[in-house]
Amino acid sequence: MRRQWGALLLGALLCAHGLASSPECACGRSHFTCAVSALGECTCIPAQWQCDGDNDCGDHSDEDGCILPTCSPLDFHCDNGKCIRRSWVCDGDNDCEDDSDEQDCPPRECEEDEFPCQNGYCIRSLWHCDGDNDCGDNSDEQCDMRKCSDKEFRCSDGSCIAEHWYCDGDTDCKDGSDEENCPSAVPAPPCNLEEFQCAYGRCILDIYHCDGDDDCGDWSDESDCSSHQPCRSGEFMCDSGLCINAGWRCDGDADCDDQSDERNCTTSMCTAEQFRCHSGRCVRLSWRCDGEDDCADNSDEENCENTGSPQCALDQFLCWNGRCIGQRKLCNGVNDCGDNSDESPQQNCRPRTGEENCNVNNGGCAQKCQMVRGAVQCTCHTGYRLTEDGHTCQDVNECAEEGYCSQGCTNSEGAFQCWCETGYELRPDRRSCKALGPEPVLLFANRIDIRQVLPHRSEYTLLLNNLENAIALDFHHRRELVFWSDVTLDRILRANLNGSNVEEVVSTGLESPGGLAVDWVHDKLYWTDSGTSRIEVANLDGAHRKVLLWQNLEKPRAIALHPMEGTIYWTDWGNTPRIEASSMDGSGRRIIADTHLFWPNGLTIDYAGRRMYWVDAKHHVIERANLDGSHRKAVISQGLPHPFAITVFEDSLYWTDWHTKSINSANKFTGKNQEIIRNKLHFPMDIHTLHPQRQPAGKNRCGDNNGGCTHLCLPSGQNYTCACPTGFRKISSHACAQSLDKFLLFARRMDIRRISFDTEDLSDDVIPLADVRSAVALDWDSRDDHVYWTDVSTDTISRAKWDGTGQEVVVDTSLESPAGLAIDWVTNKLYWTDAGTDRIEVANTDGSMRTVLIWENLDRPRDIVVEPMGGYMYWTDWGASPKIERAGMDASGRQVIISSNLTWPNGLAIDYGSQRLYWADAGMKTIEFAGLDGSKRKVLIGSQLPHPFGLTLYGERIYWTDWQTKSIQSADRLTGLDRETLQENLENLMDIHVFHRRRPPVSTPCAMENGGCSHLCLRSPNPSGFSCTCPTGINLLSDGKTCSPGMNSFLIFARRIDIRMVSLDIPYFADVVVPINITMKNTIAIGVDPQEGKVYWSDSTLHRISRANLDGSQHEDIITTGLQTTDGLAVDAIGRKVYWTDTGTNRIEVGNLDGSMRKVLVWQNLDSPRAIVLYHEMGFMYWTDWGENAKLERSGMDGSDRAVLINNNLGWPNGLTVDKASSQLLWADAHTERIEAADLNGANRHTLVSPVQHPYGLTLLDSYIYWTDWQTRSIHRADKGTGSNVILVRSNLPGLMDMQAVDRAQPLGFNKCGSRNGGCSHLCLPRPSGFSCACPTGIQLKGDGKTCDPSPETYLLFSSRGSIRRISLDTSDHTDVHVPVPELNNVISLDYDSVDGKVYYTDVFLDVIRRADLNGSNMETVIGRGLKTTDGLAVDWVARNLYWTDTGRNTIEASRLDGSCRKVLINNSLDEPRAIAVFPRKGYLFWTDWGHIAKIERANLDGSERKVLINTDLGWPNGLTLDYDTRRIYWVDAHLDRIESADLNGKLRQVLVSHVSHPFALTQQDRWIYWTDWQTKSIQRVDKYSGRNKETVLANVEGLMDIIVVSPQRQTGTNACGVNNGGCTHLCFARASDFVCACPDEPDSRPCSLVPGLVPPAPRATGMSEKSPVLPNTPPTTLYSSTTRTRTSLEEVEGRCSERDARLGLCARSNDAVPAAPGEGLHISYAIGGLLSILLILVVIAALMLYRHKKSKFTDPGMGNLTYSNPSYRTSTQEVKIEAIPKPAMYNQLCYKKEGGPDHNYTKEKIKIVEGICLLSGDDAEWDDLKQLRSSRGGLLRDHVCMKTDTVSIQASSGSLDDTETEQLLQEEQSECSSVHTAATPERRGSLPDTGWKHERKLSSESQV
């Protein structure tokens, strides 16, 4: 409370300034100026009062720095002159207030779990570096800046934020450093068609635009709206649509976001009960001169009399005139007060005598005595105050002073003691409390996300993002849940505190849930809703929802709970702002505060301090009070532009402010120490302190059994109450009814509500339904408890149980404005009117067997009711001639019964007892009734009916809804009297019904075997009482009971999300959805097979072609791969084929009707082919092409005889059809807006229909053409010969695409291929001259012209993100074919095993290695764990091992092909290994590494003898492949943009191709090198010898990755591991000179041996003679050593063994295995072993000599050898020293992005990321920024190839041949090198083993170098 000062005696002067200005105090010369107060007040005192030991200023500022009289011997003299007890010195407390009593104290020893402060205090070690100044001198917070994690960004102030927040356009660092030095801002992506874009770029659903809610957060979604939702009475609507209290209009304070409430205001609009501030603002008159600055400019406190006594400090005296003086001036003989009250007899002042002296009897003082101006002045010790007698002292009750203790306080004589609640601990200052447990976290809603911030560090993290409009917030610490409300979605949601498992809690019946509170003791959820003016409660999962408080509530906002006391508190900022409380069961409601409140927003409870705090956004203040509302006090009244929410923790307040977009803090007692925790937030909303002590433990009054309650158990004081969900009656003290028997049912557009008649409160609650957007009509069926409703926004009819369960859509097609609904509870039929289509329809109650009853002479039919007893239905029609009609429920006997004095006849109701028909007329403003035949018409209510809409009857009452009064009312159904209002202030009221269980039963013939009807049996007024009817589009047969099986003649069309049919057999046009039970995304092309009754369609979003029966059954996808944009589709019903065009791939393809035997027919010179039609009898197919040069073409149906028919005056030729009868070709052009025709050769061109707005699909049947139009959203018809008589077939059909006309009665015609497929083995395709046989893409046709090879022999296999594809090299058309492997996400690396015919691949999205057959079957995961980024993969087809690189883990691993026996081979000195390749015959393993030091390395297949081959002049070595014939390695460098090669030792290096764009992977076959390129999106090849003859094999392929060749020539040769796994139990690794056995890193159930032995062969399901091109599993004739290799006779697979293998004894000439006799293998091994021992000694000697010779001639000082020892394969400590090549600066900031997605154009100028790190990127950045120039080291250009000639050409420097290692390699390969020219004459021929493909192959000739 601010002190008010008057004109004081002795020149005391008060200078009070407004809160908005900074005071400048100037006192007179004879006065002392006190310190300026926190409220800006100035105080002047007489100068002689300074340093007199008296607190005259009230803040001791007049005594600061004064030298006071000497303290008594029993006291301690502080440095500031203060006297304290000596016993208080060095006790750890700052009693002097300058810490001088704690200086020079002996050091205090702290415990082991304590931290020693520099000031001598001891605090808990846990408090060290927790961001809180616990020591008092901040010595516990002098900490090193904490390190940010790898996924965090460090702000300039040292705080850490999430890395992805860097440069995201949102300031997340407190200093804004995360948004500095960012690249140019990227414009926000546009919103889609169903969204609205806010002013700052955010997208919201379009339905939220102009709905009256601030969904954008800046009101931009509500600006420029033509109309807004009307505000309530007592509210003012801002221009933006916001509703505020009407009293805030022209009150001088801008409450509207656009300040429109203060526009056009007169000079004064204040009432007689208000005071006008200088600013023009109006405040209550009672607030004038109350000591509070309510005007915010202090004008309400100016010129005030002294209306009350200010509160003086504890050591001050209150004068009668209100002045405060120091206690020492009391009874000092001087009139210090000015009114002599300090010297009056009432103060027991005794007369002064001259003998007074402190030396005599201590001057009569009880404690301290001092002489002041010659007189005795008695004073007291600290903790005491001088009594009125001026001599004695009494104890000061410090506990009565707020803020002395943080929580608890106990007073004692001359002292006090602070204490803390459970869960807190007293700090070293002995006054404040610190919470035990984890560091506190501020949890706050930020509209679009929910974040956590550390208040002492200003660091915050994201908890939940991508939210719509999160406002209210709370948490449940024990259950680790966070709850929030979203006022845009009108939902309450929850999630785990780690952000996972988001789920809806309350999803219906909310309008503006602005407050949320969790009862953590009883597990309940409470919330306020200012839209519905309610406070509700439910379980934590939203179950058992109950309206707790609803009466006398206006706009409840904030809510807080005190579960320990069973109390709920809330704020209400309606017309009468207040803060209220009640028990948590809603009882005991009471007002806490209702004065000096404007806009009470946030509310929080200090449980330990037993106080509440709230913010007032309009009053700009933070206040506190006791929990009963007493001791109310303003804590902060300055610097609060718009506080919204508040929380408290320990001694601090934290609040959010909308205006400053910040989180702030201050001391909860004084309001001082204000600090900005976070600013520059998006839109801070609710805030809470996340800490266990904010939810202290309490007694659960309901116990473990919910208090015995069947539903809700709610605390009530210290007891509890059993409560029922809203509407359910209580049947006992603890039990509720399980169902509702009768209730009023009404629609409110966005929800459907009920008012139970089982309870007395008549409060409405929402039926929990999803996606109700604009409900209008209602009805119900009590037999199955269903409620039905129509929705005119979604154009659907739905139903659900009365409790909201079992919700389903029953009719969702061909509805435009279903406004009326009626249930025939007798025959279970659903009737409805549609004002958009002007129809009345009926269906079964589940929506099946729908049919049109009345379609003529209807003009906006509205409501409908049925009377099953008489068999009639009644409806209102409020078109041009308003009327009420009736007809039989089968549409018979139609007649108008009321046609006069009607305007807008709305609701209808039937009184079945009195046989009356009631209706409401909104135009006539009446409710009337008449007999069921229209007679005896009478007005029931004719006044005070502004706009009645819905109408119903129940019992003796009639109920109706009124749009204008926004109410539900009732009256007596016979007299119209006794009117009452059931509910009011309900927006958008629609239909109304009473659900009950007393509908009269009616007998009907339809109940017996459906009346004999095959489909629909309807009630009828005819003598039989019923009639049979057929579903829409189907005719009733002559028997009057049976319907035809289906449509004979019909249109069928695609509408993107569905396929529909329009029957041409009936007299009206009505579309019917083909009930295919799948989700369609973008259905475009369509075709029909009338023979089997199937429809075919393409979906360009799902990339598939599908088919189903015309009744929707038997759906199947026939083409699922290799499609991009299938715009055209045609079914050859005669030839049983399906044809389609693909605009994305620019191809025309054909396949069998089941999708098999797929073939590309046309692929050259196509540019966006679209429509396609067939003429089987003529053998032609026609198609449109609307590319750059639009044209219409024709070819044979086998792709032959291609010709352009028309190529001029075409724009966008869309639809295409053939008129076989008149031999005409017809097409629709959307650009020229014409439908044209020509003959079948393109001649005689003429226009049929013009203009047409945007035609798309075109078809023909009989004498008419039909077309779809995008712009009119309609289907049109015209005469096919003249184009005249254009009519509208169906309208209001958005998304119209292709269309076909079908007459199933027409004969199909003759099949050119006959009954035996023309003798073709695969495809038989018609052509003008007959037919031709064709093969699926990539397979060759044999010489007989009829038979196809079973499969391709040589082909490319490549990966492209989500696909694996094949390109045959056997045929000339290099078109790709998808390998149908399922579940591909992000495939990177590939390899193939020719033995089992399986493809192996890595998927870095799933982090797995998988394999599958080439037909897509038998897909299985080989390695499914422990992978991060598997970039490289290689199959050892001999040893049956699998190798891979892992860039994420920097390892090279191996396993068996089935994933077993997994082992890490190399895990050191690797920095992002990429490609990998194996050479089993030589036992070599090669890989590239493009880390910090790019290199290419080689090792043995077990990882030993590791060697760096190339480490200079490398950038990003990506792909790697081996040429097994020429013994060379090839690689691509994506940084240097070239393809290079070298020999197997890294020598004879040669640049093959320069200036390639961005190569990724490569492979070799025959004389060609093939590679994939990211930038050109293509597969290319060059001659491997010259680097010339560059060709593009395949273009326009997104996301190209790995590529390999599958060929019988690739996986040849063998080694010792090829026979029975080398005798190893687990892993067998071939090496350059021997082989080794190895054990897996994780042992399995089998014992592992490192010594080769006899291992029984594993049984095989398939014989090796059938599949395997390598050695079969047979026991070795010799036991292999792990260090030596024995020459022995092994099996040979003819054609797979080289001469060198044969010379080494690795090949046998017989295909039959020769098993060893018992013991023979051992004897032979002994003999051979002895021989080899001698040879080994000789070899070692020779090797030593060679080594010395080599060393003398060649030394590589930069190369260190890596040695590996069996079995651990640990590397030696010797490091490989390689020259480091620097990477770009941003290289290390990039990560491997695994999510799939489209690749954008890569250009040399724009590629964002280093390709090897992020294989997926769609962003743009400067490519040159990523590359750094690397200096060439001038290496040798070498060319080492095996030539067909007998010479070797080596271009090298003169010193190059001194390399003895290279010379040795050349000599070795002279005997091995085979010619790669397949055209040469073979030296021998032999049969090849079957590799899975049947083939014949010519062997290559051999020549010596």
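Every residue, even glycine, has its Cβ placed from backbone N, Cα and C.
Of the listed segments 790-793, 898-901, 1134-1137, 1766-1769, Swiss-Prot assigns motif 'Endocytosis signal' to 1766-1769. According to Swiss-Prot, of the residues Asn1415, Asn1761, Asn1415 is the one noted as N-linked glycosylation site. Looking up Cys167 in Swiss-Prot gives a disulphide bond to a cysteine among Cys143, Cys148, Cys182, Cys191, identified as Cys182. As annotated in Swiss-Prot, Cys198 shares a disulfide bond with Cys216, one of the listed residues Cys173, Cys191, Cys210, Cys216. Recorded disulfide link (Swiss-Prot): Cys724 to Cys736, out of the candidates Cys702, Cys709, Cys736.
Candidates considered were Cys148, Cys173. The record in Swiss-Prot pairs Cys160 in a disulfide bond with Cys148. Of all ranges given (343-370, 1659-1686), Swiss-Prot attaches the label region 'Disordered' to 1659-1686. Across the repeat 'LDL-receptor class B 12' (1136-1178), the model assigns an average pLDDT of 95.
Here the domain 'LDL-receptor class A 4' (147-183) has long-range neighbours at 457-462, 678-680, 682, 1821, meaning same-chain residues at least 6 beyond its ends whose C-beta is under 8 angstroms from one of its own. Residues 1389, 1393, 1395-1396, 1400, 1402, 1409, 1411, 1421-1424, 1426-1434, 1488-1493, 1499, 1501-1503, 1506, 1517-1522, 1524, 1529, 1531, 1544, 1561, 1612-1615, 1617-1618, 1621, 1626-1630, 1632, 1638-1642, 1644, 1698, 1701, 1762, 1769, 1771, 1775-1776, 1792, 1812-1813 of the same chain, all 6+ positions outside the repeat 'LDL-receptor class B 17' (1440-1482), place their C-beta atoms under 8 angstroms from a C-beta of that stretch.
Packing against the repeat 'LDL-receptor class B 12' (1136-1178) from elsewhere in the chain are residues 1085, 1087, 1089, 1096, 1098, 1105, 1107, 1117-1119, 1122-1130, 1184-1189, 1195, 1197-1199, 1202, 1213-1218, 1220, 1227, 1240, 1258, 1298, 1309-1312, 1322-1323, 1325-1326, 1328, 1334-1337, 1373, 1375, 1377, 1596: each is 6 or more residues past its ends and has a CB under 8 Å from a CB in it. Using a Cβ-Cβ cut-off under 8 Å and counting only residues 6 or more beyond its ends in the same chain, the repeat 'LDL-receptor class B 6' (785-827) has close neighbours at 207, 508, 739-740, 743, 745, 747, 752, 754, 767-779, 833-837, 843, 845-847, 850, 861-866, 868, 873, 875-876, 889, 908, 991, 995, 999, 1002, 1004, 1006-1007, 1017-1019, 1058, 1060, 1070-1073, 1292.
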